Amino acid sequence: MGAPPGYRPSAWVHLLHQLPRADFQLRPVPSGFAPQEQEYQQALLLVAALAGLGLGLSLIFIAVYLIRFCCCRPPEPPGSKTPSPGGGCVTWSCIVALLAGCIGIGIGFYGNSETSDGVSQLSSALLHANHTLSAIDHLVLETVERLGEAVRTELTTLEEVLEPRTELVAAARGARRQAEAVAQQLQGLAFWQGVPLSPLQVAEDVSFVEEYRWLAYVLLLLLELLVCLFTLLGLAKQSKWLVIVMTVMSLLVLVLSWGSMGLEAATAVGLSDFYSNPDPYVLNLTQEETGLSSDILSYYFLCNQAVSNPFQQRLTLSQRALANIHSQLLGLEREAVPQFPSAQKPLLSLEETLNVTEGNFHQLVALLHCRGLHKDYGAALRGLCEDALEGLLFLLLFSLLSAGALATALCSLPRAWALFPPSDDYDDTDDDDPFNPQESKRFVQWQSSI
């Protein structure tokens, strides 16, 4: 099959494509991209379910750890203010985990941007392909209308002027037949006219979904960043209420991180299967949606020497007919104008129409060549399966770092806030200290009584 320009599956695609797949009954499933088949759908759902399994194991581990911490902690002697051994290690482990989470957030922002760039490249390729197809339809319609107008007006007028000379009328009628033949052949070149599938609509739908996906990830990243920063602030200020609130928020973000991880993993595996051999699926799907012949679709999607141009015969016949019209008009101008001066005006108008038609014809030849649309196809593949897939892998790394960091923080935070001094300890200050809040209050009352 013809490879689009720059079409090279990456090492990540090969690695993900080689991963084993199974359905809900744990039976092996082929790695070919077949989203319409139930077994393949179950295989992707099973990949996503692995993240749910990881979430369940994380919650069980955190629950067991916290229960052991609460139930098996030795009682502190009354009035003891000596910090328990290992308290500093617990706090620092929590801080390191949160800093690792911040690094993961940076990776997540980069991955989100890469994914958005890849989807934008896909949308741009679809818009460019839509422009090419619209230009073909417009040129065909304009040329056919111009030829029809010439047949109805100039050629009819010319036949009326040349009526005394039957051989000249026969030549004019020959030009009419050739013009009608050209119009008929050109109408068959607008292969996308009336097709229900619109690349413009697909691009708009893709952009619409991508906007909400990008926004959702930005909100998730910002939420985790705020949780990490406020947790660090609570640890620095030894604020129990802030740390408790951030612990609850960390649990929420942990669930969201595992959920996004499952979605990213399933999408990455599906994209790798698609990108390993995209041509058969794209050909079949486009043929189902458009109803176009496989010859036309194979010519544009494969674009190699093994597939001939399905419009070559129409283009050849149109070019020959235009050449015949040109020679007939030259003969009429040479024979008829000296005898019928009034024939010069319709002949000049016909020559002008012929020149415009030939110009449009050469543009159609260039637009109908497979290079342009095949290049758009390659750009769409590179955007979706290189940039977008790379971004998904970075988002997957972010979710993994986030889940690990938050799980560590959830285990460490309860032990950290247990080491915070109680609020009563702040009242145990020297009465002679001028910065003592109680002493400052008595000083203000003394000044007001003077």
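Backbone N, Cα and C atoms are what each Cβ position is placed from, and that goes for glycine too.
Going by Swiss-Prot, these are the annotated features:
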type	residues	note
TOPO_DOM	1-43	topological domain 'Extracellular'
TRANSMEM	44-64	transmembrane segment
TRANSMEM	89-109	transmembrane segment
TOPO_DOM	110-214	topological domain 'Extracellular'
SITE	Arg165	site 'Essential for the formation of the channel-pore'
TRANSMEM	215-235	transmembrane segment
TRANSMEM	241-261	transmembrane segment
TOPO_DOM	262-390	topological domain 'Extracellular'
TRANSMEM	391-411	transmembrane segment
MOD_RES	Ser440	phosphoserine
Other same-chain positions with a Cβ less than 8 Å from the transmembrane segment (44-64) and lying at least 6 residues past its termini are 21-24, 254-255, 258-259, 261-263, 265-266, 269-270, 403, 407, 410-411
Positions on the same chain near the transmembrane segment (89-109), where near means CB under 8 A and six or more residues out: 217, 220-221, 224-225, 228, 231-232, 235, 394-395, 397-402, 404-406, 408-409, 412-413, 415-416, 419
Write out the long-range same-chain contacts of Arg165 (site 'Essential for the formation of the channel-pore'), meaning residues 6 or more apart in sequence whose Cβ is under 8 Å from its Cβ. Ala336, Gln339, Phe340
Hey, does DSSP put Arg165 (site 'Essential for the formation of the channel-pore') in a helix, a strand, or just coil? coil
Contact set of the topological domain 'Extracellular' (1-43) with the rest of its chain, CB cutoff 8 A exclusive, min separation 6+ beyond the ends, reads 268-279, 281, 301-304, 306-307, 374-375, 377-379, 381-382, 385-386, 389-390, 393
DSSP helix, strand and coil counts for the topological domain 'Extracellular' (262-390)? 111 helix, 0 strand, 18 coil
Helix, strand, coil residue numbers for the topological domain 'Extracellular' (1-43) per DSSP? 13 helix, 2 strand, 28 coil
